[in-house]
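Peer 1: Take a look at this one; I'll ask things after.
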Amino acid sequence: MSSVFDEYEQLLAAQTRPNGAHGGGEKGSTLKVDVPVFTLNSDDPEDRWSFVVFCLRIAVSEDANKPLRQGALISLLCSHSQVMRNHVALAGKQNEATLAVLEIDGFANGTPQFNNRSGVSEERAQRFAMIAGSLPRACSNGTPFVTAGAEDDAPEDITDTLERILSIQAQVWVTVAKAMTAYETADESETRRINKYMQQGRVQKKYILYPVCRSTIQLTIRQSLAVRIFLVSELKRGRNTAGGTSTYYNLVGDVDSYIRNTGLTAFFLTLKYGINTKTSALALSSLSGDIQKMKQLMRLYRMKGDNAPYMTLLGDSDQMSFAPAEYAQLYSFAMGMASVLDKGTGKYQFAKDFMSTSFWRLGVEYAQAQGSSINEDMAAELKLTPAARRGLAAAAQRVSEVTSSIDMPTQQVGVLTGLSEGGSQALQGGSNRSQGQPEAGDGETQFLDLMRAVANSMREAPNSAQGTPQSGPPPTPGPSQDNDTDWGY
């Protein structure tokens, strides 16, 4: 019978093979779009700033068509480069579009002066200037910037110009993070990240764009695979560039942490809390199929190479193989573990229609049971004595008991806590009154009491690590739809 299992494993491997691995697929058979991309032949600070404003205006213009917006956006992201033509050539390495490079020698009264090699007539140059002047109505001051007169302020030198360029590019990169996932709810996270870069000095407040401009840029990114291919190539270069050597690629590398593995959260959370915890529940026969599936998915992720973290941004069809419905039971167990071990998952909407509430409850129980358990490998490496192990287990048990009665200011209402706003406030108030704890605002006193309890437990080192049982598990999310308790022992 072993041959049957071998054949089954090979079948799973064949089903999870990345698309296009055999070669001979369609390459360039669809119609190619001509995307005009602008480059500047001058290093003059004022000309470079005029070029950036020109590209930004076209990228958000209401009169510009899609290819023109896409080309202007690529030009905007290349505007920091010493030789822009070489940088633009990176974007041309694709089968989705053909880039037509239009060289600009300078600007005269806001009108670009094209090089003769570009073959752009004076009439067409005037048309580009008219398109650049058609901004969204929400830009009330007639510029893409919230601060009026920001674009008319001439830069002092090339350093000032680069700071302005990076301020705009940072806002463009921030929009990439949720361009392909939850773009309709991206305003809050974009504002938070822009504020972060302002505090770091990477974005100047004077050159903050209108939200409608960022939304238009984000829509262009969603609609254009050519732009997204260029963005991924820049993200790869940012990861391969040594830290501290390039201001621009330091920024790209920082933004990369928000973009990598977007859309794969369920897969990596399942690996972290379902596989990496190495609980005895993995021996259940009912989880063997999901574990085998995860094994094949990990192999598929490695086969994707450098493009694996950017499957969502590229619109890769292989991303659907990583959906949690493919390993629903193991996913349910992992989310039960995460709901107890990691309160940071509170903002992740893990409750799905296909979730098994039985396996979710099993994960909760295992996570609570592991709260005071000891990692034997780490204990052996630290050379802990039996008395120290018992003391550590007792301290962990004591902490779990103390924290259950303390009003934690970070507790949030949500599916993980099972509390409504009124219920959580009543619970916190009742706990303070019954236990005689300080008021909610006195968090320092509560923290000191907690640390004293831990220190006392470590000094006592009791002979037995057993304590009172922990409080009950958190409520099961969603209605109870399965009463099957056969775990396949």
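Including glycine, each Cβ sits where the backbone N, Cα and C put it.
Since the structure is predicted, the reported quantities are computational estimates derived from the model, not experimental observations.
Features from Swiss-Prot:
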type: REGION; residues: 1-375; note: region 'P protein-binding'
type: REGION; residues: 1-402; note: region 'Ncore'
type: BINDING; residues: Lys178, Arg193, Tyr258, Tyr348, Lys352; note: RNA binding site
type: REGION; residues: 403-489; note: region 'Ntail'
type: REGION; residues: 421-489; note: region 'Disordered'
type: COMPBIAS; residues: 422-437; note: compositional bias 'Polar residues'
Peer 1: For the RNA site made of Lys178, Arg193, Tyr258, Tyr348, Lys352, how many Å separate the two farthest Cα atoms?
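Peer 2: Comparing all Cα pairs, the maximum is 29 Å.
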Peer 1: For Tyr258 (RNA binding site), list the number of other Cβ atoms lying within 10 Å of its Cβ atom.
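Peer 2: A count of 14.
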Peer 1: Ten-angstrom check, please: count other Cβ atoms within 10 Å of the Cβ of Arg193 (RNA binding site), all chains counted.
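Peer 2: Summing over all protein chains shown, Arg193 (RNA binding site) has 21 other Cβ atoms within 10 Å.
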Peer 1: Average pLDDT across the region 'Ncore' (1-402)?
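Peer 2: Across the residues of the region 'Ncore' (1-402) the model's pLDDT averages 86 on the 0 to 100 scale.
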Peer 1: Hey, what's the Cβ neighbour count for Tyr348 (RNA binding site) at 10 Å?
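Peer 2: That number is 17.
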Peer 1: Please compare the binding-site residues Lys178, Lys352 by how many other CB atoms fall within 10 Å of each one's CB, and tell me which has the fewest.
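Peer 2: Comparing Cβ neighbour counts within 10 Å for the binding-site residues Lys178, Lys352 gives Lys352.
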